[in-house]
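Only one structure is covered here, and it is reproduced in the block below.
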Amino acid sequence: MEMSLFTILDVLGTIAFAISGALSAMNRRLDLFGIFIIAFVTAIGGGTVRDILIGSTPVMWMENIVYIYLIGVVTILAIIFRNKLNYLKKSLFLFDTIGLGVFTITGVETGIQNGLDPIVSVALGAMTGTFGGVIRDILCNEIPVIFRKEIYATACLIGALAYVILYDMGVDADVIYLVTSLTVISIRLVVVKYHISLPSFYPASPKSSKLR
Amino acid sequence: MEMSLFTILDVLGTIAFAISGALSAMNRRLDLFGIFIIAFVTAIGGGTVRDILIGSTPVMWMENIVYIYLIGVVTILAIIFRNKLNYLKKSLFLFDTIGLGVFTITGVETGIQNGLDPIVSVALGAMTGTFGGVIRDILCNEIPVIFRKEIYATACLIGALAYVILYDMGVDADVIYLVTSLTVISIRLVVVKYHISLPSFYPASPKSSKLR
Amino acid sequence: MEMSLFTILDVLGTIAFAISGALSAMNRRLDLFGIFIIAFVTAIGGGTVRDILIGSTPVMWMENIVYIYLIGVVTILAIIFRNKLNYLKKSLFLFDTIGLGVFTITGVETGIQNGLDPIVSVALGAMTGTFGGVIRDILCNEIPVIFRKEIYATACLIGALAYVILYDMGVDADVIYLVTSLTVISIRLVVVKYHISLPSFYPASPKSSKLR
């Protein structure tokens, strides 16, 4: 794989999500292979669903053996150094945020490269960025991160929108990659630090409290 | 998109499932983007899985930008008019039933058009009709609607079977679309009104009460 | 379908997973169609995800009507003879183990036949073998079997590794199929009988007990 900035981001996102998956799994007291499975699924989940929706099969981790080795090595390191990642909750948040940021960008890029409408590419980017975390949370029996209080999907939608705008303006590709992934990451850091949430909406009727 | 009856049904099903997803999300007190995400996933879930299984990629909402806009507008309206949808449980049931009925038909149609065996087309139709509701329920942490007491999947299997029978008899396409989607919707309305359920089967042994 | 040993294994795995799905559904007191749905999804889940990842669409149960009929008949028999399957927990374990063993092999075989890297084929085999059981457990609201205490995914990874090693050595295909599927099944029988588990790893910090 040539070492373009795009490739570096892709590798970074894979590493970040693999670590976040391993941390979630260790927190759930899963066994050695449970940790590997969650790390793997979190790391390749977004890219896999992106490739399936586009029709680009076999999916990326099947075409390039580097992904599996990378995830394996990163997971082993996460297990070995688990005690140094003292603030577990903060570490998981940090790595999930990095993965979200860079995978949103690869998703939007893939949409654009395949000639899809910019709005569709934004949706694809949001899906690519968030899917790994959602799968990790479902398997670890957590409420998916996109549904917790602070802004999550909004962050990657804003970053993805920034992508298509900068792309349309003819800005250099490497600049776009950096600016947009940092946008997503920054928004997440800020909203979690200051506990910023979006409004909720629900009908006022008392009958609406439970569906069953 | 040409305005055939099939297209009208497809749009109707998308609108119905988007509203049902938005209602579920609001009932769960999700934030603004949580509502959009659930509405979107519920509305495109069935068609997406249908297209993936057939091999028709990029999937339908990526090929036609109308879907995303339609879902966005419908969701905003559902949020604005949430208090007018007073009987939340009944509204959700109604829109889910409409979505189930019409998406079952589009699924069977897709199977037939792709030269699949009629029985396989019936299975594909049932999957297309039910998948959106199942995904919505899993993400909203509800027991999937297909497993609740009143007849659900049976309704769309009957409608799908009616479709292949009428198709085989050479009945006009528009008539088939109307008759079969109304069949599914009517069955659901009746079984919920009169609390009709299928029998359950379980072994008598006391050891079988929990798997763990 | 020609009656090669591979085909026999494929049919056996489909039957085994259909029974395990039906047993799970009956244990959950699902209605008649809930039982069929779970049986069907468990039986075709692994093969479907394998075909989607490879890009082999329409997926296998859509191309060959035999699968649907087979699953239907097997499920009816499982319902009729449910009381004879007295030790429910042991029956479910046995059929899940058989399905895991043979579907792991079909997954690895598919990877090799499609020219994928051996390690990628091993991952594909593990995914094909485990996916049906995971889907069954998620829909039946159980913790997915791959995360319960005794060794699960490790068993099929070892069998899959044995496959690629024997394949590389030029051993006859039928011998490989038998040896490797029996390897997976034997490992599962032994680890459950003697309660063998893999180690868990988790940080020592008291803050790590819950993510929220």
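All residue numbers here begin at 1 and follow the chain in the order shown.
Cβ from N, Cα, C; glycine included.
Features of the protein shown, as given by TrEMBL:
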DOMAIN    C:8-82  domain 'Glycine transporter'
DOMAIN    C:94-167  domain 'Glycine transporter'
TRANSMEM  C:6-25  transmembrane segment
TRANSMEM  C:32-53  transmembrane segment
TRANSMEM  C:65-81  transmembrane segment
TRANSMEM  C:93-112  transmembrane segment
TRANSMEM  C:118-139  transmembrane segment
TRANSMEM  C:151-169  transmembrane segment
TRANSMEM  C:175-192  transmembrane segment
Winner by Cβ pairs under 8 Å against the transmembrane segment (C:6-25), considering only C:65-81, C:118-139, C:151-169: C:65-81
DSSP-assigned states of the domain 'Glycine transporter' (C:94-167) in counts, ordered helix, strand, coil: 60 helix, 1 strand, 13 coil
Tally of DSSP helical, extended and coil residues in the domain 'Glycine transporter' (C:8-82): 62 helix, 1 strand, 12 coil
